[in-house]
Amino acid sequence: MRTLVPFLLVLLAVYRSAAQQTLDEKVQNLIDLTSRTSVVKFNMDKWKNLVRMQPRNYSMVVMFTALSPGVNCPICKPAYEEFMIVANSHRYTSSESDRRKVFFGIVDYEDAPQIFQQMNLNTAPILYHFGQKHQGSKKKPEQMDFQRQGFDADAIGRFVADQTEVHIRVIRPPNYTAPVVIALFVSLLLGMLYLKRNSLDFLLNRTMWGCVCLAITFIFMSGQMWNHIRGPPFMINNPQTKEPSFIHGSTQFQLIAETYIVAVLYGLIALGFIFVNEAADMTKDKKKKEKNPNSILSLISVPANTLAIIGLVFICIFFSFLLSVFRSKYRGYPYSFLFA
């Protein structure tokens, strides 16, 4: 018995030493893999060794996606691009100790469908955090809620910080598209002004400038600047019903189609107010259309009462639609008008 206890202690020490060596090899393997591409592209062997098996003193943030053109997943590519922005930011801005705490990985359905089967997944994209103590299927990993939080790089960075306490400073790659487009637009505008230098009366047209101001207002009110910064997809498929969604259900995210819908609704509401305003002016002075060629309705022959009714119908109907869009994003909002 006396000789058995020392033998067991030596055996335990050897086992712990071997486990520690295996852990060091895992970490070094991950460092080598992420030094080139920022993320680990998992096959089944890497998945079992680096994610599912202990020992592990690091966290894995893994995106399950389907990037193949044959798979109908319009949201997968934008989500993957945002995920890569976070992974690259972690690689270049995080400290060495933080880089050893958190690693990023990708599971593509085309490359490793058996991993999807093991995780019982039939939708994509999905983002999981596998903590240091997660092992096998005993505990479900933490999942990021894309419907509520969105999938832009900043939201993913916040999810990683909440799960791992590693804060990543997200750095987006420079986008030269906007400066080039602006330069071309300014050049075109200056060229037109040069060609029309002997006839610049159109610059004094109040209707034209009013339409330009309204267009700019609708662009900013609908969230086009947010789209330019975050780069959301045009639309997404509902993971439950598989139907296309043009309006995102979260207050923290939006879709490109959603901004177009909101901009059109704002435009139609504004048009209704213009109709009502013009009808009031026409009632005061029936000759107003002849005296004011700049009027937006100068070419339309409509009685004032009819124009006012059309304007009120536009305002009521399209404001109700706009309120419905607002209610669909802000759950629990108590007010509605005409439409639920």
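Glycine is no exception: its Cβ is also placed from the backbone N, Cα and C atoms.
Per TrEMBL, the feature signal peptide maps to 1-19.
Here TrEMBL flags 176-195 (among others) as transmembrane segment.
Sequence annotations record features per position, and here TrEMBL assigns transmembrane segment to 207-226 (among others).
If you look up TrEMBL, you'll see 255-276 (among others) marked as transmembrane segment.
Among the features that TrEMBL reports, transmembrane segment is placed at 296-326 (among others). Packing against the transmembrane segment (296-326) from elsewhere in the chain are residues 207, 210-211, 247, 258, 261-262, 265-266, 268-269, 271-280, 282-283, 289, 333, 335-340: each is 6 or more residues past its ends and has a CB under 8 Å from a CB in it.
Sequence-distant neighbours of the transmembrane segment (176-195) (same chain, 6+ residues past either end, Cβ-Cβ under 8 Å): 228.
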